[in-house]
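S.K.: Positions annotated as Mg(2+) binding site by TrEMBL: Asn10, Glu377. Per TrEMBL, the feature ATP binding site maps to Lys17, His206, Leu207, Gly208, Asn209, Gly210, Asp281, Met282, Arg283, Gly326, Ile327, Gly328, Glu329, Asn330. Annotation source TrEMBL lists substrate binding site at Arg91. Marked as active site, proton donor/acceptor by TrEMBL: Asp148. Annotated site 'Transition state stabilizer' per TrEMBL: His179, Arg239, in sequence order.
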Amino acid sequence: MTRPVALTLNVGSSSLKFGLFDIEGPPIELGFGIVENIGTALRLKFTCNGTTITRASSERGPADHRSAVSAAFALLHSQVPSAKVVAVGHRVVHGGPAYAAPRIVSDNLLDDLSRFAPFAPLHQPHNIAGIKAAMAEFPDALQVACFDTAFHRNHPKVNDLFALPRAYYERGVRRYGFHGLSYDYVAGELRRIAPQLHAGRVVMAHLGNGASMCAMEGGRSVASTMGFTALDGLPMGTRTGQIDPGIIFYLLREEGMALDEVIELFYSKSGLLGLSDLSHDMRVLEAAGTPEAEEAIDYFVFRIRRELGALAATLGGLDAVVFCGGIGENSRLVRERVCDGMGWIGIGIDPDRNAENATVISPDHSRIQVMVIPTSEELVIARAIKRFREAPNMPEAGGKPLGQAGPDPA
Ligand code: ADP
């Protein structure tokens, strides 16, 4: 017997994540897979029905994104032969200035998404390739695109400006903000757990390999630390975060670096990896104890604290801080060090609650609630698919980002 399921697809620069969902009722995750090491030798992992299988690609030579997608589909067919994929939801990094909600994939949409590729050259082409591969593999399935920029589309204009001549803004050079699917999920959870906080002034910190912070007021994003590209703001696993653009001119002109080398330096060799000279991985750095690893963590924490102060000022005050992402959800050290000495603004944490990764880690009666909310970008995509399946003829049936408005999250 076949079972109708929805697939979520998140094709990144070096890894691909996919989820399998039952969407008959509120979406339920049935399985989750990851294909890593794209560009070298693929490693596959898939968990379904409590069983995890791992595989190494048998292909000779470096495997590209196309083979990674094929490997994921092959794994799915072999491990869950009863699954009939009726819909596929795609994480798309860039929805440009206009798309403030998920959309059904059409030729026009694909054209638009291709136009935004120069804004996110390391991600958008892979996202589009993933959509096309899924359309070829599941020709009868509904295809839905969900944008990482959508959650931030209602910023006050001044928060999206760069101080360049005006024409550049019109040409698309503006602050877009990213990690929107994660913030959408976390905002929805916050609304469920503590509606009064969701309605207030909140800073959400998505701290993973990519890292950013978002200021939210009344359930709407008003500012993000990420800007035109996903390179701005906080330092990340391998990305610089905010940097003086004069450094780029210096590297090009004085050190004779090629543009592609600078791009590689900023995206893949910097951040925690560059500063620690050891690893992009926070777990490794916390365990290492070398002066360089300590300094990398120090810089990460310093920038988070700085942005927290700036975003609180943007909001005119603060009611809650929410941590999410691999580091935000698991690193008690980073959370403790971010919050340490911030009593002046009303932030404090309870060490026992922090050690347990509890939902609320601030002490009782704190003026500002400090929380940990595990994120799920996949669930946000699955919910968008479900809304489109229930109202297929509405171009924007995907609705507003869930954390912002509309029905309570399923
Ligand atoms: P991605 O942005 O690729 O989705 P994740 O959100 O999974 O990444 O975050 C990965 C980061 O989370 C890594 O730096 C990893 O070391 C860190 N991390 C995961 N678990 C822990 C932990 N228990 N303590 C500290 N850091 C952790």
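Backbone N, Cα and C atoms are what each Cβ position is placed from, and that goes for glycine too.
Where the annotation comes from TrEMBL, it is an automatic prediction and has not been curated.
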S.K.: Determine the Cβ neighbour count for the residue listed as 'active site, proton donor/acceptor': the number of other Cβ atoms within 10 Å of its Cβ.
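M.R.: I count 28 other Cβ atoms within 10 Å of it.
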S.K.: Spatial neighbours of Arg239 (site 'Transition state stabilizer') among the binding-site residues Leu207, Asn209, Ile327, Glu329, Glu377, defined as Cα within 10 A: which are they?
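M.R.: Correct set: Asn209.
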S.K.: Roughly how many angstrom lie between the C-alpha atoms of the residue listed as 'active site, proton donor/acceptor' and Asn209 (ATP binding site)?
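M.R.: Spelling it out, the Cα of the residue listed as 'active site, proton donor/acceptor' and the Cα of Asn209 (ATP binding site) are 15 Å apart.
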S.K.: Among Lys17, Arg91, Arg239, Arg283, the recorded positions in question, whose Cβ has the most other Cβ atoms within 10 Å in this structure?
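M.R.: Sorting the candidates by Cβ neighbours within 10 Å, the top entry is Arg239.
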S.K.: Reported as an integer number of Å, what is the Cα distance between Glu377 (Mg(2+) binding site) and Arg91 (substrate binding site)?
M.R.: 8
S.K.: Expressed to the nearest Å, what is the distance separating His179 (site 'Transition state stabilizer') and Leu207 (ATP binding site) at their Cα atoms?
M.R.: 10
S.K.: Checking proximity to ligand 1 here: which binding-site residues out of Leu207, Arg283, Ile327 have their Cβ closer than 6 Å to it?
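M.R.: Listed by sequence, the hits are Arg283, Ile327.
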S.K.: Provide the number of Cβ atoms within 10 Å of the Cβ of His179 (site 'Transition state stabilizer'), excluding the reference atom itself.
M.R.: 30
S.K.: By the DSSP assignment reduced to helix, strand and coil, which category contains Glu329 (ATP binding site)?
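M.R.: The three-state answer is helix.
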S.K.: Give me the Cα-Cα distance between Asn209 (ATP binding site) and Asn10 (Mg(2+) binding site), rounded to a whole Å.
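M.R.: Pair distance, Cα basis, whole Å: 15 Å.
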S.K.: What residue among the binding-site residues Asp281, Glu329, Glu377 has the most other CB atoms lying within 10 A of its CB?
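M.R.: Going through Asp281, Glu329, Glu377 one by one, the largest Cβ count within 10 Å is at Glu377.
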S.K.: So how far apart do the ATP binders Lys17, His206, Leu207, Gly208, Asn209, Gly210, Asp281, Met282, Arg283, Gly326, Ile327, Gly328, Glu329, Asn330 get, largest Cα to Cα in Å?
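M.R.: Maximum Cα-Cα distance: 21 Å.
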S.K.: Which site among Asn10, Asn209 has the most other CB atoms no more than 10 Å from its CB, taking these as binding-site residues?
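M.R.: Going through Asn10, Asn209 one by one, the largest Cβ count within 10 Å is at Asn10.
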S.K.: What count of other C-beta atoms do you get within 10 angstroms of the C-beta of Ile327 (ATP binding site), across all chains shown?
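M.R.: Excluding its own Cβ, Ile327 (ATP binding site) sees 25 Cβ atoms within 10 Å.
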